[in-house]
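Asker: One structure is given below, represented as structure tokens, and several questions about it will come after.
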Amino acid sequence: MLRFIPSSAKARALRRSAVTAYRLNRLTCLSSLQQNRTFATQPTDDFLTGGAADYVDEMYDAWKKDPNSVHASWQAYFKNVQERGVSPSKAFQAPPLLDYADSYTALDSSLINGNNYADIDVGIYMKVQLLVRAYQSRGHHLAKLDPLGINVNHNRPSELTLEHYGFTESDLNRTIHLGPGILPNFREAGRKTMTLREIVETCEKIYCGSFAVEFTHISSRKRSNWILSHLETPTPFRYSHDQKIMIFDRLSWADSFERFLFTKFPNDKRFGLEGCEAMVPGMKALIDRSVDEGISNIVIGMAHRGRLNLLHNIVRKPAQAIFSEFRGTQDPDDEGSGDVKYHLGMNYQRPTPSGKRVSLSLVANPSHLEAEDPVVLGKVRAIQHYTSDEASHEQSMGILIHGDAAFAAQGVVYETFGLHALPGYSTGGTVHIVINNQIGFTTDPRFARSTPYCTDIAKSMEAPIFHVNGDDVEAVTFICQLAADWRKAFKTDVVVDIVCYRRHGHNETDQPSFTQPRMYKAIAKHPPTFKIYTQQLLQEKTVSKAEVDAQEKRVWDILESSFESSKNYKSDHREWLSNPWVGFASPKDLMTKILPSYPTGVNIDTLKQIGKALYTLPEGFDAHRNLKRILNNRNKSISSGEGIDMPTAEALAFGTLLEEGHHVRVSGQDVERGTFSQRHAVLHDQSSENVYIPLNHLSPNQASFVIRNSSLSEYGVLGFEYGYSLSSPNALVVWEAQFGDFANNAQCIIDQFIAAGETKWLQRTGIVLSLPHGYDGQGPEHSSARMERYLQLCNEDPREFPSEEKLQRQHQDCNIQAIYVTKPSQYFHALRRNIHRQFRKPLVIFFSKSLLRHPAARSTIDEFDEKHGFKLILEEEEHGKSILPPEKIEKLIICSGQVWVALSKAREENKIDNIAITRVEQLHPFGWKQMAANISQYPNLKEIIWCQEEPLNAGAWTYMEPRIYTILKHLGRDLPVRYAGRPPSASVAAGNKQQHLAEQEQFLNDALL
């Protein structure tokens, strides 16, 4: 069947000549009845090259559906080419009787319909189409976007000139039929023709006014046409009197709030919104439209710029609370250390004009720009999970508010964009709003990015980009509503770029004229947005001067009243919380009460039942033969109760939690199989490639198990999982690094959110970081999770032995937990312990790659039952067997993790019987009481050695040394504490296998001999 090949972004990148030749060849293939003929590109074929080829496609598709839907000239053109074999390069040329009469026939007179020849001049029609297309693709270059008028592009693209198409002034009055490619929506509205002058004026109004759009990078014709249908209309938007009054009211609040703060606190940093106040009515319009379209939950992320304004006017934080924070009158209390006012989060059930309510959540954020982006999306995804909205994305959405410099420069922006369409991560589209004040602190855009627009990164995801002048409040409102409509229609990202300015410096104490004198001279003369809009409404007679004055006075009086009440305002830190956990221990309870611990063991019959479900394949499932062996061995270990390994223990932990009703989510690179082929949580049929997830087939009433291979991102994905963990305490959320070495790509999330989020923002999380760690001779990038860095983040004081009360509160008071276990049962209990509490804490697991299958790392099923739980340390088990009893031990080696296996093996091979080895399974919070009791059982010790695989400047030595000395002081014992491990090293590990082995032999000798 004859057809044109639809154009795409990829096709445009091909050489134009090749594309043209291909299209011409396709055009002249008359099904199977006529021999294919390829035409070389000729000078007269210019209308078939470049962007024009897109229109040939559009015209042809329209003609095939309904010949009368296109202009008579197109009808003649396609009929001549397809039915009469006329060359595409000749079919449109004058005169109507074409060359080579023996081959070509005249244009079908029945298609002319009484029009004169000018009416069917396809060349003219094509040129007008190209002109319209040029406005669609390049009109934004001429749009009046800069409120200050200092960054105006005076270089008009040649494609937007009449001369480019051979038109002259005399052609402006030429009548052009509207239709496909030339303002078709106007034709549908009843306008059949326009003069060329009217077409140009209409395109200028649509594409070069106070808003503009970039959409030609979108490969989907359906989506592109959606944009055209909303913009290429006689009136893209027109607000009623009442709607304008609402916009006016919302803008007045945004304007007055900033002016009030500037009046009362002129020397305080507030990172005001002056210059972009239009964002507030725009955001409110976006929220209202989204709610009308079915949204009931919105999670918002933004940096400092305008945050206080948004907190008050959109998320409805009481003004007196904000003023109280400026005053600094709040007393320190026991609910965390707090953060600056423009970092705090907030939750609010907001009513909308339609009568519906929406749950708004503004997440807390650090000053690390854009770091909150993936956090927001993770939280949205979690809400969608708990509301059964993961497939439709109709109820919950995210809004991210960016700064122009950060949006263009921060890599996490791209990582976050990259999640938008991934299974397990998609949230159905995010609305991105850029507060584009055309400066980054003191840096001009030309030094801050390498692209024309700060939003160009969004093109890689085919998101439409709407630019809008921040001084045109109604245009901002319209574009924000249009963004909501796009998200509703296509469930993909959309970008709103509000081009504005920053009236003051980066903060209000800064002097911006040092570096941007021209800009700030213009700003000094420029009226505020509220004044501009007020003047517009006065001219329209929408409002009177008296009404304007009354509105300003009303808002100011309310703010003044709030200011007075702020003097005695007592903060309720619950207003900070961006994730209230109803029915769960509050941050206050956590700080003041000793909460009970719950058992983590499970009935053996239950374990065996789960094990059978885990390792029994469905009938007819063709698993890989090696995998069958692995699954059979794991099943036998559970049924026999002997030799349970680490992966099996993990599966049992997940399975028992699922059966108890706790959602489990595991995410990271290659987690479905496991980096080390250890997990096999997702099984692949070798014949059909269908997948089977045993953990989702335990019982009808189990909770949901989700495991997803992530994109090759650490920062973005860990931020996403952290956000996911905030939504509910009733879930075990695990992020696993491919190797622990790569987790430092996400250091910002670890430092600013996971380790400090609860202390700063009362933002609680039980996220689990699973980090492969261990020196196995694989070199400096596959050996270390940088244990020392996590331990440095821990908030415990090593200088004093804790009181009994502090020991009971250890896990409540800690900021993170860090473990390095050596037994599968320990792994099992640690995972379950993280859920079986009335509070949540981050858990960092350093897991040994070599212990995943090591015979020494095995547990019996009895160690998983109700009588057992997690042990902070594991004492020596060989007393009276291969080594002497405790009273005869002279040397105690304390270690953590897989080095225990090497030490035990070397001790056995060298027949050493006077050295005991104690394993620290939990590094933080430290097992003070347990370690003191362990040391006390050795009365004749001569020395204590801390042994580790890591170099001296890495690992746990600097963490452990002061704690061991504090314990010895507490016990009243004076013993030397010695280090045995690798020497200091700039590189994490040796890349040479022989050097690795030599270093290991050396520190084992140091420890044992």
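Placed from the backbone N, Cα and C atoms, the Cβ positions cover glycine too.
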Asker: Asn437, Ile439 bind Mg(2+) according to Swiss-Prot; which of Asp404, Asp456, Asp471 goes with them?
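Answerer: That Mg(2+) site, as Swiss-Prot gives it, pairs Asn437, Ile439 with Asp404.
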Asker: Going along the chain, which residues six or more apart from Gln669 (thiamine diphosphate binding site) have their CB under 8 A from its CB?
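Answerer: Those within reach of Gln669 (thiamine diphosphate binding site), by Cβ under 8 Å and sequence separation of 6 or more, are Thr675, Asn709, Ser710, Leu712, Glu736, Ala737, Gln738.
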Asker: How many angstrom lie between the most widely spaced Cα atoms of the thiamine diphosphate binders Arg305, Asp404, Asn437, Ile439, Gln669?
Answerer: 37
Asker: When DSSP states are folded down to helix, strand and coil, where does Asp404 (thiamine diphosphate binding site) land?
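Answerer: Asp404 (thiamine diphosphate binding site) sits in a helix per DSSP.
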Asker: Around the Mg(2+) site formed by Asp404, Asn437, Ile439, which additional residues qualify by having Cβ within 8 Å of the site's Cβ center?
Answerer: Gly403, Ala405, Ile435, Asn436, Gln438, Gly440, Pro445, Cys500, Tyr501, Arg502
